[in-house]
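Some features that Swiss-Prot has for this protein:
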type	residues	note
ACT_SITE	E122	active site, proton donor
BINDING	C12, C92, C185	[4Fe-4S] cluster binding site
BINDING	H36, H70, H120, S213, S214, N215, S257	isopentenyl diphosphate binding site
BINDING	H36, H70, H120, S213, S214, N215, S257	dimethylallyl diphosphate binding site
BINDING	H36, H70, H120, T157, S213, S214, N215, S257	(2E)-4-hydroxy-3-methylbut-2-enyl diphosphate binding site
Amino acid sequence: MKVKFAKKYGFCFGVKRAIRIAERNQHATTFGPLIHNSREIERLQKDFDVSLSRSLEEAQKFKSVIVRTHGITKDDLQVLKEHHTHIIDATCPFVTKPQQIVEKMSQEGYQIIIFGDNSHPEVKGVASYGDDVAIIANIDELKHLTLKKKVALVSQTTKQPEHFGKIAALLVSLVNECRIFNTICSATFENQFAVDELSREADIMVIVGGKNSSNTKQLFKIAKEYCTDSYLIEDENEIDNTWFVGKELCGITAGASTPDWIISRVQEKIEQI
């Protein structure tokens, strides 16, 4: 089977930074999964004794706590500080940016609108820095909001720029004063553009990444638009040889939290089909 990779894929700057931080802080715990890739989380625990705490109470039992790439809520951060925990901040700088924007705009009296998934830890963290905050998943939800005169818009870092642009355009037409902040990560945009391009060419697409990863699911969604035979897998063990019957070119991309060692194993298995 012939394999072709997307021009941009895999580990982004924020994830690489977080992995380095975790590897330098053995015996610490992360408050929530450091990244959305269970295999890499297992590697960090096995090789560096970096454990995973899923609750604030659990994290407080450790002397050192690593803040996940997606960030945590303002209240949770304050609790850790008051507990005199050694806090190691691995929040992606691209996530810190909308946190700061939301806090500043709220202080200036703006209603905050976040384009994102309300259950995602990044969005929960960003929203915690504002007072009057509405979270919308799509443009239809915006149409049903009661809007104030002054509104500021930010986005979850992994959303599709095209959808954000449409929301921004509608919002401008609805309010007297609107501040728009494009907080979508540049790596997200580049990876999405690359998978869009490759999926138009490939007979089959394999997207490698955590199934709980927002950016990976976005890549899968885009690939599926142009290549109906698209599959989202976490590692090589999920590959089904029957997918490739009658196919000539397999396109591969990977989410921002997918390490190279997993991608290489996937490539090797597909090339042997």
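Positions of Cβ are set from backbone N, Cα and C atoms, glycine also.
Keep in mind that what you see is a predicted model, and the values were worked out from it rather than measured.
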Cβ-centroid neighbours of isopentenyl diphosphate site H36, H70, H120, S213, S214, N215, S257, 8 Å, sequence order
I35, E122, T158, G210, N212, T216, G255, A256
Proximal but sequence-remote residues of the same chain as the residue listed as 'active site, proton donor' (Cβ under 8 Å, at least 6 apart)
H70, G71, V95, G116, Q156, T157, T158, S214
Within 10 Å of C12 ([4Fe-4S] cluster binding site) by C-alpha distance: pick out those among the binding-site residues H36, S213, N215, S257, and say none if nothing qualifies.
S257
Just jot down the residues in the same chain as H120 (isopentenyl diphosphate binding site), at least 6 apart in sequence, with C-beta under 8 A of its C-beta; none if empty.
H70, Q156, S214
Rounded to the nearest Å, what's the C-alpha distance separating S257 (isopentenyl diphosphate binding site) and C185 ([4Fe-4S] cluster binding site)? Just drop the number here, would you?
14
CB within-chain contacts under 8 A for C185 ([4Fe-4S] cluster binding site), separation at least 6:
C12, G14, C92, F94, T157, T158
For [4Fe-4S] cluster, what surrounds C12, C92, C185 with a Cβ no more than 8 Å from their Cβ centroid?
F13, G14, V15, T69, P93, F94, V95, T157, A187, T188, A256
